[in-house]
Amino acid sequence: LPSVALTVSLLTQENSVKNINHYTNVRGLPSIEKIVSSVEDTPRPISTQIVGTIPEWIKGNFLRNGPGKFEIGNHKFNHWFDGMALMHQFKISNGQVTYKSRFLSSDSYQTNKEHNRIAISEFGTVTMPDPCKNVFQRFLSRFESHKPTDNANVSFVTYKGDYYVSTETNIMHKVDPDTLETEKVDWSKFIAVNGATAHPHTEPDGMTYNMGNSYTSKGSYYNIIQVPPTKKTEDETLEGATVLCSIPSVDKTKPSYYHSFAMSENYVVFIEQPIKLDLLKIVTGKLRGKSISDSIFWDPKLNTIFHLIHKHSGKVSSIKYLAKPLSTFHQINAFEEDGFLIIDLCASDDGQAITNYNIQNMRKSGEALDEVYNTLSRAFPRRFVLPLNVDRDTPYNQNLITRPNSIATSVRIAKNKVFCTHEDLHGEDLHEYGGLEFPQINYHKFNTHPYRYFYGCGFRHLVGDTLIKMDLHGKRMKVWEHPGQYPSEPVFVPSPNATEEDDGVIMSVVITPDEDKSTFLLVLDAKTFEELGRAVVPVNIPYGFHGTFNHACLFSDLIKP
């Protein structure tokens, strides 16, 4: 008891001196507790009620991923990212939609289910010693390292034409998009990495790039991964994957956390941001009863560094592009034009949001909920312009950007350093919608190319509460919003024979926490942003993270006989 009291005292002192910033002054936010409530899966397809019209040309599976179970027995997960992965399938054909879902049969899920408690640690939840063991065994178990979770609840991704669910550890699960049956795949069986992001980039020919960390006796490394575009045999997975290059972390024991990266026609762009992982705290976490989320910290004394890696040679540019401290989870697009590399991303000026998304916070109400929201820095779309041709003749201390109407700057401050400031990709009106996150574009036609439109969620709450279409010509917005309805990441699906960038539809799963069993798949005309139709699902669905559309014929040409 004295040690508990001392711990509480120290935590109280720590919190009392911590400077808590308030970024907004919002009052009266409605409760969204049901958005993070556990549900049962729906393994057999069920019909949905169609309101309006679902275009008949849409044929395929809209796949979504996210947490669906937040308690195991009497044990509760702490963080939104911890919930057991629930895969969702909206099968669309001839204007009709069926829905089914399955919990991912991961080792984590099965072990937890077998023990009826949280037996595998997650991002924000550390497993406690098995109560069935004796005191000595429980004591020794604290010295064991965390077993990496295979609870792949972040996204659906593709490699060699196959679908996988992914998180950020070394384990993914290959998924049959029709049955949602899965097969475990371990990155470390193919390349020397300790994990990989849930946001790879894919070329038109199927060549895929990703990033993953490795931890060695010499320190931490950021690795650029390349996966071949096609399969040689039907049952292969990541065979042929290679590490294109390795970039050492500036601080060997405190590498940066990254959720994704950018890619242009010729470059992979890694953004080393001041969100840091304390590896010593992570490896001693179980001993201290602390989760990985307790080992992440924001260091605003550090600049952000943009690293450019040539995709074909693997060579890392000697020029480091610096910017003020920023936090970015998702990039919008990147492309090369007139000797510049343009990177568009969603970013905020504070990197502490990730640890604030614990389930307790998301289930708060009244003034306590308002306080959580107001202490989160909002993310906004920004553009950085990096000059590619910096050599010995490039002048110092002057803006190198010669693009017309660009207010971003890049100034050479040392032989191999260029300091960059951004241009806002929005008008003042976006502030009314709480910024923008979960950005998406017409990916298959415009990723790595100049583009005009992007789509995302406005964040006037802890989760998205509007859908936004941004037109970069004039930075004008179109908005879809309905009180009490919370849309998830918008996914663009091009219409057949599309001639313009926004010819197609936007799909989003909309959660309705105030109404029982009224979640729906929303389909908007991407051009007008008007609703075409919706498919109302007669079961409750928690708010998820990422998804994709599995067109019936999209990848059939990638599999060699």
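Numbers run from 1 along the shown chain.
Here the Cβ of each residue, glycine as well, is placed from N, Cα and C on the backbone.
Remember, TrEMBL labels are computer predictions, not curated facts.
Annotated Fe cation binding site per TrEMBL: His199, His259, His330, His546, in sequence order. Of all the Cβ atoms in the protein chains shown, 20 others lie within 10 Å of the Cβ of His199 (Fe cation binding site).
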Least surrounded among the binding-site residues, given as His259, His330, when other CB atoms within 10 Å are counted: His259
Neighbours of His199, His259, His330, His546 excl. site residues, C-beta within 8 Å of centre, Fe cation: Val154, Ser155, Thr197, Ala198, Ser260, Phe329
Neighbourhood of His546 (Fe cation binding site) by C-beta distance under 8 A, where only residues 6 or more apart in the same chain count: Arg64, Asn65, Gly66, Val154, Ser155, Phe156, Ala198, His199, Phe438, Glu489
